[in-house]
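Okay, structure first, notes after.
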Amino acid sequence: MSKTHLTTEKFAQMGLEPEVLAGLESKGFHYCTPIQALSLPLLVEGHDLAGQAQTGTGKTIAFLAATFNYLLTHPLSNPRLVNQPRAIIMAPTRELAVQIYNDADTISASTGLKLGLAYGGEGYDKQLAVLEQGVDILIGTTGRIIDYFKSKVIDLSNIQVVVLDEADRMFDLGFIKDIRFLFRRMPAPTERLSMLFSATLSLRVQELAYEHMNHPEHVQIEPEQMTGIRIQEELFYPSNEDKMLLLLSLMEEEWPEKAIVFANTKHVCEDVHAWLENDGHRVGLLTGDVPQKKRMKILEDFTKGTLDILVATDVAARGLHIPDVTHVFNYDLPDDAEDYVHRIGRTGRAGKSGHSISLACEDYAFNLPAIEEYIHHPIPVSKYDREALLDDVTAPKRVVRNRQPVNRNMRDRQGGGNSNNRRRPPRKS
C-alpha cells in the first residue's frame, strides 16, 4: 500500500476498541487516510458526522470502523428481537452494497458481530434466510430493505447506528423518498449515531443531514482540489464523425493497463463496447440492463485483469472500489458536472497517478462550462490530427459508420497490453 495518501495518524490512536483495531490491522490497515483521521475521533466520541472526501480516500473503512466500535461500546440495555438489526448501512447500488459488505466482513470476525446483505435483482430467499437468523449490521439498497421491512422480516425500532453512503447519488437515482421512509421508522436522531458520507455534499444533501441527523459535524477533505492532484486531465474537441475513431486511436496510443470508458446512455455504451471488442480489446460492458450475476462477473474480471477496459454508464461511476485504474475516458461529457468528478475519480487513487481523457463532441460540448466552473479550473485542451486517426478498423455489423473502413487483423491483448504495431499518435505536437 502506498503511503503517499496516508497521514501519520494510526488507527491505534483513534480510541477504537481492541476488537475493531484487530480487524483493521489483520488486513494491513495501520495508518489513517485524511478522512479517517478527521472523522474517527468525532465518531468515537458519539458525534453525528457528514463527511466529504473524494472517492477512494477511505470513507468506507471510516464508517465501518465507527459502526463496529459504537455497537461494541453501546450494548443494548434490553434484549432485542431476532428481526431487529442494530445498525443499517444504505448504499445507492447493488455493487456498492456488496463491496461494503465484503469490507465489513474483514472486520466482523474479530468483533463477533453478524452481518446481513440486502439488495435487489437476485438472491431474495438466500438473503432472507440470513436475516431470519438475526443480524447486527444490515447493509443494502433501500428498495430491498423496504421490501423486507414491509414483510416484517426486519424491524428498525432498535437501530443504534445508521450510515448513508454516496448520499448525493441517492438523490440522483430518485431514492430520497425511500431514505426518508426508512429514517422515520428508526429511533429519533438523538437516540442513534448517524453518518453520511459522499464525494460531494450538495445543499440538498446537507438539508437531508440536518433533517435526520443530530447536529452533525462536517468534515471535508481537499475541497479546493475537486479532481485530485494526481489525475492528468485532457480534453479533445472531435467532430461527431471523428469521435469513435479518435477514441480507438487514443486507446491504441495510450494502451492503458486498466481503463473505464463512460458514456451517457446505455445505447452509446453498447456501441462503444462493440467497436472496442471488434478492434481486439478485452472489454466488458456495465449498464443497468446487464443481469446482476453478469455484472458481478464483469467487475470481477475487470478487477483481476481478465478484462482491460470497462465501458459503463454512471452506474459504475460512484462508490465502486476498483483498484489500479490507469485511465478514464469520457466518451460523452456528463450532463451533471458532479458526475465528471465521480467518473475521473476512478483513477489516481491510493497515491497513484491517473489519466483522464474527455471528448467534447458536437452533442455534449455545451456541458463543458458547467463542469469547469464546478471543478474550478479549465481542462487542458489537446488537438488531434485527423490524418493520424485509425482508418483500418472494421465497424461492428450492427453499427453504421460514416468513414469507410479497411479490414485488418484484430490486435491481440492476451499478452497483457503490449502493442507491437504502434501507429503515429493522433495528438498534434
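Placement of Cβ uses the backbone N, Cα and C atoms for every residue, glycine included.
Within 10 Å of the Cβ of Lys59 (ATP binding site) there are 26 other Cβ atoms, across all protein chains. DSSP assigns Lys59 (ATP binding site) to a helical segment in the three-state reduction. Positions annotated as ATP binding site by Swiss-Prot, on the basis of sequence analysis: Ala53, Gln54, Thr55, Gly56, Thr57, Gly58, Lys59, Thr60.
Note on the domain 'Helicase ATP-binding' (40-219): its mean pLDDT in the predicted model is 91. The domain 'Helicase ATP-binding' annotation in Swiss-Prot covers 40-219.
Swiss-Prot lists 243-390 with the feature domain 'Helicase C-terminal'.
Residues or ranges marked as region 'Disordered' in Swiss-Prot: 395-429.
Look at Swiss-Prot and you will find 9-37 tagged as motif 'Q motif'.
Sorting the motif 'DEAD box' (165-168) by DSSP state (H, G, I as helix; E, B as strand; all else coil) yields 2 helix, 1 strand, 1 coil. Residues or ranges marked as motif 'DEAD box' in Swiss-Prot: 165-168.
Cβ neighbour count for Gly58 (ATP binding site) (all protein chains, 10 Å cutoff from its Cβ): 21.
Beyond the ends of the motif 'Q motif' (9-37), by six or more residues, the same chain brings 1, 3, 44, 51, 53, 57-59, 61-62, 65, 68-69, 72-73, 106-112, 219, 221-222 to within a C-beta distance below 8 angstroms of the stretch.
With helix defined as DSSP H, G or I and strand as E or B, the domain 'Helicase C-terminal' (243-390) counts 63 helix, 24 strand, 61 coil.
Tertiary proximity for the motif 'DEAD box' (165-168) is limited to same-chain residues at least six positions away from its ends with a CB under 8 Å from its CB atoms, namely 59-60, 63, 89-92, 96, 100, 196-202, 204-205, 208-209, 318-319, 338.
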